[in-house]
Amino acid sequence: MSQDFYEILGVSRDASEDEIQEAYREKAREYHPDVSDDPDAEEKFKQAKKAKEVLTDEEKRQMYDQMGHERFEQAEKRGGAGGGGGRGGMGGDPFGGGAGGFDMQDIFDQFFGGGGRGGRGGSRRRQGQDLQTRLEIDLEEAYNGATKQLNVTRPEACDDCDGAGHPPGADSETCPECNGQGQTTQVQQTPMGRVQQRTTCRRCDGEGTLYDETCSTCRGNGVVQNDASLEVEIPSGIADGQTLRMEREGAPGENGGPNGDLLIEVQVRDHPDFERDGDSLQHQQAISFPQAVFGDTITVPTLDGEVEVDVPSGTQSGEVFRLEGKGMPRLRRRGHGDLYVQVQVVTPDSLNAEQKEALEQFAEAGGEEVDVDEGFFEKLKNSL
């Protein structure tokens with residue numbers, strides 16, 4: 001048996017939307033798969049997200065409270081999850097998003113045989129679609145955190161008609177197709193019996209009302225494409241491909257419903273000096289042959305400034321040094337990963353006579369066989 005949504009978020013049944021949102025944020029911080037060590041974190045995160053989506057939607061919450069948890073879950077399965085859309089691309093319209101999920105009124109009617117809430121279909125408050133876009137940042141910004149300006153073109157409610165799709169005071173009439181209900185009903189005879197299906201009225205598009213003129217600005221759509229400039233807070237430690245959510249910055253809702261959210265996929269640019277692996281960083285540092293033989297103190301760059309590293313005598317090319325705590329910050333957690341510095345002994349491409357003579361004497365005095373040293377990843381693994 002699945003858990004009650006109020007219990008999942010730890011709120012009372014009369015909790016306000018703000019209280020539910022705050023409870024969800026706390027659960028998200030605790031159980032987000034990127035930050036939690038709990039083996040069941042992903043499932044708990046999904047449960048909290050589902051609970052928030054239902055309890056912050058006025059219509060869904062009303063149905064949930066009326067039906068109870070188990071019957072609501074059954075009705076949802078029976079109704080299915082309608083809609084859905086692809087991801088937005090980098091060219092053209094940068095946004096994508098789902099159609100906003102299932103119609104709870106239809107599910108309620110199917111489950112109880114049409115005894116749901118009356119009124120026109122167009123009067124229901126619906127949350128707007130979530131929108132998706134991308135934002136590129138530097139590795140330094142991922143390390144330190146940053147405030148970025150994001151310019152987007154997104155659908156917004158038309159100011160001229162206040163999102164209604166028709167001018168104020170336009171003459172109207174009840175839609176004769178659906179008799180003002182916003183939905184039409186079709187009955188089909190199947191081997192299992194008669195099946196009743198309700199669909200949005202095509203003639204009035206679910207409004208239940210026909211108007212003699214449409215808004216010239218939005219052409220009756222109720223929304224227009226506008227440019228918006230948003231400030232995005234980039235948390236330190238964010239990784240390439242992770243998504244930030246800006247609540248209520250998505251597409252406008254219908255009939256006074258809340259806006260959807262804006263989902264921002266973060267893309268971290270490659271860095272010339274560092275390669276990232278989770279919370280760890282890798283850096284290759286060139287040293288000279290004498291430094292490798294006799295040892296030296298070298299200066300190594302980090303994302304937090306330069307540090308000095310002692311290279312012991314006899315260091316081999318490809319050897320890895322671990323600088324604890326010099327890697328990436330752990331997202332929404334304390335501490336940093338490590339920086340792994342792989343030294344590469346540089347072979348000189350030109351020698352003067354004195355250098356050649358010294359090396360020849362060195363070679364004659366040696367006589368030892370040289371083994372091929374283990375690779376970078378083997379050294380990295382063995383250093384852990």
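Backbone N, Cα and C atoms are what each Cβ position is placed from, and that goes for glycine too.
According to Swiss-Prot, the Zn(2+) 1 binding site annotation covers Cys158, Cys161, Cys215, Cys218, on the basis of sequence analysis. Sequence-distant neighbours of Cys215 (Zn(2+) 1 binding site) (same chain, six or more apart, CB under 8 Å from its CB) are Cys158, Asp160, Cys161, Ala164, Gly165, His166, Pro167, Gly222, listed in sequence order.
The Zn(2+) 2 binding site annotation in Swiss-Prot covers Cys175, Cys178, Cys201, Cys204 and rests on sequence analysis. Under DSSP, Cys201 (Zn(2+) 2 binding site) is assigned to coil, being neither helix nor strand in the three-state scheme.
Residues or ranges marked as compositional bias 'Basic and acidic residues' by Swiss-Prot: 42-60.
Per Swiss-Prot, the feature compositional bias 'Gly residues' maps to 80-101 (among others).
Taken from Swiss-Prot, the feature compositional bias 'Low complexity' covers 102-111 (among others).
Positions annotated as compositional bias 'Gly residues' by Swiss-Prot: 112-121 (among others).
According to DSSP, the compositional bias 'Low complexity' (180-190) comprises 0 helix, 8 strand, 3 coil. Here Swiss-Prot flags 180-190 (among others) as compositional bias 'Low complexity'.
Per Swiss-Prot, the feature domain 'J' maps to 4-68.
What Swiss-Prot lists as region 'Disordered' is 29-60 (among others).
Under the heading region 'Disordered', Swiss-Prot lists 73-131 (among others).
Feature annotation from Swiss-Prot assigns region 'Disordered' to 160-191 (among others).
What Swiss-Prot records for 145-227 is zinc finger, and it gives sequence analysis as the kind of evidence. The average pLDDT the prediction assigns to the zinc finger (145-227) is 89.
In this view, Cys161 (Zn(2+) 1 binding site) is surrounded by 21 other Cβ atoms within 10 Å of its Cβ, with every protein chain counted. DSSP states for the region 'Disordered' (160-191), grouped as helix (H, G, I), strand (E, B) and coil, give 0 helix, 11 strand, 21 coil.
In terms of local Cβ density within 10 Å, Cys178 ranks first among the binding-site residues Cys158, Cys178.
Note: the Zn(2+) 1 site is recorded as Cys158, Cys161, Cys215, Cys218; in the same chain, Asp159, Asp160, Asp162, Gly163, Ala164, Gly165, His166, Thr214, Ser216, Thr217, Arg219, Gly220, Asn221, Gly222, Val223, Val224 also have Cβ atoms within 8 Å of that site's Cβ centroid.
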